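Going by TrEMBL, these are the annotated features:
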DOMAIN    47-295  domain 'G-protein coupled receptors family 1 profile'
TRANSMEM  33-55  transmembrane segment
TRANSMEM  67-93  transmembrane segment
TRANSMEM  99-126  transmembrane segment
TRANSMEM  213-234  transmembrane segment
TRANSMEM  246-266  transmembrane segment
TRANSMEM  278-297  transmembrane segment
Amino acid sequence: TTHFEGMPGRNCTQATEFSLVGFTEDPSTQVTLFLMFLLTYLVTILGNLGMITLIRASPLLHSPMYYFLGNLAFVNFCTSTIITPRILVGVLLGKKGMAYAGCTAQVFTSGLFLVTECFLLAVMAYDRYVAICHPLLYPLVMSPERCSRLVAGSYLLGLANAVGQTIGMSSLFFCSSSTIDLFFCDISLLISLSTSDTTLSLVILRTASLLSVPSLLVVLVSYIAIISTILSISSAEGKCKAFSTCAAHLTTVSTFYGALIFMYLIPRSDTSRGGDKWAAVLYTVVTPVLNPFIYSLRNQEVKKAWRRLRKIK
């Protein structure tokens, strides 16, 4: 990451465009990357839209768990759509430039869906906790009204983060030759590129990072209680059945939070950020394409709903 010295307007002009660094300059590798990202994007779109359609169309899947899963699929669809097409354009056409307005829009949308997904995953962990640890209370605790409030709260927290990051970016000044060493506009790298006072932006970024901590704690506490309950089940069949209901979610949480912790919560210098690009690929590209398969391949209810829907057609 390059840092430009000087006060705004003295040694450089305000940037109207940023340059996004791709993955490689090697032509043969670029073709491979383009095909890989294109296939991943198409599968992501089909998988997540298919999951949303199946959940809405099948009465078997009209339960809190699948209501949350449908919203997660929507967030994954949006995350992939605001990131991957830009990667494809950069790899295929070698177009590295992104207008300031486009970069601001990407900061807003990525900030919105990143935090929303954090809290949706926490809500889903809480749902599994109630289902496994307090099954008799489940219909009362996870009522349709409460489920709607939990999902709405996740989106509102994501929106608050997005607005905050956008305000933080608007307070920054960038030299016209600013280069972002990533494939999308990330607020943490934009702060390091700024030649103006970054106090407000850093406060907002750290607040956003702290926003993910309560969601991670909910996940951890929920799974400690879930594992404790599963271990107390006497029959091996009961243990397997209980674990299978949360194995998919645990896989998603591990991948998503692992990448985020590496990207945003582990302190390091600008010269040791080489793995950031691939950590970002993990939560912006890999997780959205894996989720529909993780939740469908191991889930008998989803398979049954799909078979029933095919028979009707």
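In case you wondered, yes, glycine gets a Cβ from its N, Cα and C as well.
TrEMBL entries are annotated by machine, without manual review.
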Same-chain residues at least 6 beyond the ends of the transmembrane segment (67-93) whose Cβ lies under 8 Å from its Cβ atoms: 20, 22-23, 30, 33-34, 37-38, 40-41, 44-45, 47-49, 51-52, 55-56, 106, 109-110, 113-114, 116-117, 120-121, 123-124, 127, 147, 150-151, 154, 183-184, 284-285, 287-289, 291-292, 295
The transmembrane segment (246-266) in contact with the transmembrane segment (33-55), cutoff 8 A, at least 3 CB pairs, sep 6+: no
Intrachain neighbours beyond the transmembrane segment (278-297), with Cβ under 8 angstroms and 6 or more residues off its ends: 37, 40, 43-44, 47-48, 50-51, 69, 72-73, 76-77, 79-80, 83-84, 87, 110, 114, 182-184, 186, 248-249, 251-252, 255-256, 258-260, 262-263, 303, 306
Whole-number mean of pLDDT values that fall within the domain 'G-protein coupled receptors family 1 profile' (47-295): 85
